[in-house]
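Undergrad: Sharing the record's features from TrEMBL:
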- 1-11: compositional bias 'Basic and acidic residues' (COMPBIAS)
- 489-507: compositional bias 'Low complexity' (COMPBIAS)
- 1-27: region 'Disordered' (REGION)
- 477-507: region 'Disordered' (REGION)
- 46-66: transmembrane segment (TRANSMEM)
- 101-122: transmembrane segment (TRANSMEM)
- 129-148: transmembrane segment (TRANSMEM)
- 190-210: transmembrane segment (TRANSMEM)
- 216-236: transmembrane segment (TRANSMEM)
- 243-261: transmembrane segment (TRANSMEM)
- 303-324: transmembrane segment (TRANSMEM)
- 331-348: transmembrane segment (TRANSMEM)
- 381-399: transmembrane segment (TRANSMEM)
- 411-437: transmembrane segment (TRANSMEM)
Amino acid sequence: MSTSDLREADTSAHSAPADSRPEPAGSAPLQLRASFDRLLARPRSLVLVLALPALMIVAGIVGWLMDLQLGVDSAVYRAGAVTLLHGDPLYETNTLAPEPFWALLPFTYPPTAALLFVPLAVFPVQVAWGVLSAVSLLAMTVVIRVALGALPRPKGELPVWASPARVTVLSAVLFFALEPVWRTIFLGQINLILMALIVLDVLVVCARGSRWGGVMVGVAAAVKLTPLIFIPHLLFTGRRMDALRAMGTFLGLQVLVFALIPSDAWRFWTHTVFNAGRIGPMHWAGNQSLNGLFNRMTDLAPWASNAAIVVGLALAPLAVWLMLRFHRSGRPLEALLVTAFYALLLSPVSWSHHWVWAVPLIMVLVSKLPHADPVKTRKRWIAAGAVFVVFVSCVLLVLPNGRNLELHWAFWQYILGSAYLLVPVVLVAVLAGRWLWRNRDTLRGSLRDRDTLIALLRGRAGTTACDDAQPSAADIAASGRVGSSVPRSNSAGSNSAGSSAAGSDQR
């Protein structure tokens, strides 16, 4: 095993609770500095990583010189920052004065977002889009690299093309075809950046026990409210101090904007945050949340949104149970994905471009392929391919949509038009079905024994919830990963169950 391979993961076995259980491969935090050092040593890989972001900046400059209409949402972000700098109100009107004629939309984000968007005010509208798109593509590359580090590697020698650097570059190019990714770039959205903040924080910074753990989650939540749900994720996985820092960062930023722009901050938290009409039509096909589905299927019934909330909260125990089982079996990326997709289902508005979490999901599905026999490999290729096709096809926007056409869909159109939100639902149903089948004998006996049933549900009896056995310690060493012998957590941490819903998602 080479020294560079050893540095690929954190050797964090020093300070962990004595009652923690061993953590399998894929659980150790990625050593990003060593990874980037190796990337810098490979000029061709570095050029490939930076080529597309550089192209976005060039496109922004060309768009500025030719006065093209680039980046509707990034134009609104920039307008919010300019409005804040001019001392004008953010929420009293449905448009902002600095917005170009082709981006006349309300500013729906918290006032902290306008504060964080201030750097965009330096650039012309189109160049701001190019810069934001470049950062978004780099953020996606970071997510891919961290996800690779969080997943177990195949046994044996890897082919030359399967090195982490090459896989990262190839994946970044391939994932650009996903509708949530290219639409995020096209609109000048920040979904990829927020996902990178959360992935880096939870899987790298918090996993090392850093005193900065939770800060990036707090910043992400200050830009869009939905990431607040990752604070209970930190709590449930035993990272209480990280959760407190995340909440402290979020609240600290709110205090800052109340001090700088008290009228805007007050108006947002007392009025704008409850005005879903500023975000867009709930029933539009692009809203891939339970709320969107219920409003479409009930012809905008007045009780539809409340019913979506009830169903979403009813799913919370299942989401927490599945997330904790993944966490306890040493699969933090899968645990994080459970929380992310639950947030997308529960949020009142989850536009199609919010579903950028499809990127690490597909990586998880593909990572299972080398660990299976031929029959399982074929099934897993089908599953991974189906998920990829769903997010590439744009099927939900190919159907008749807009001008209330969604309210008159046939049943099969409701199925296709809900393709994104059905992906996590179907995957969880398959996982739950496999778990019930594998543990059928244990379940029969545990019905007479309360302690055995509780142990089974907590993942301490029977098979793991969602996959085959994890690699052994020898496999971990052979793959060049050094994992901690116990899960990392803060000294005050504990695994506790629960659920919490974040506030309304902002566009």
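For all residues, glycine too, the Cβ spot is worked out from N, Cα and C.
Quick caveat, the model's predicted, so the values are computed rather than measured.
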Undergrad: Per the definition of 3+ C-beta pairs under 8 A with sequence separation of 6 or more, do the transmembrane segment (331-348) and the transmembrane segment (381-399) touch?
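TA: Not in contact, no.
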Undergrad: Under an 8 Å Cβ to Cβ limit, what residues of the same chain, 6 or more beyond the ends of the transmembrane segment (411-437), are close to it?
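TA: Tertiary neighbours of the transmembrane segment (411-437) are 285, 288-290, 293, 296-297, 318, 322, 341-342, 344-345, 350, 352, 355, 358, 361, 383, 387, 390-391, 393, 395-396, 399-401, 443, 463, 465-466.
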Undergrad: Of the listed stretches (101-122, 190-210, 216-236, 381-399), which one yields the highest count of Cβ-Cβ distances below 8 Å with the transmembrane segment (303-324)?
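TA: Comparing 101-122, 190-210, 216-236, 381-399: 216-236 has the most Cβ pairs near the transmembrane segment (303-324).
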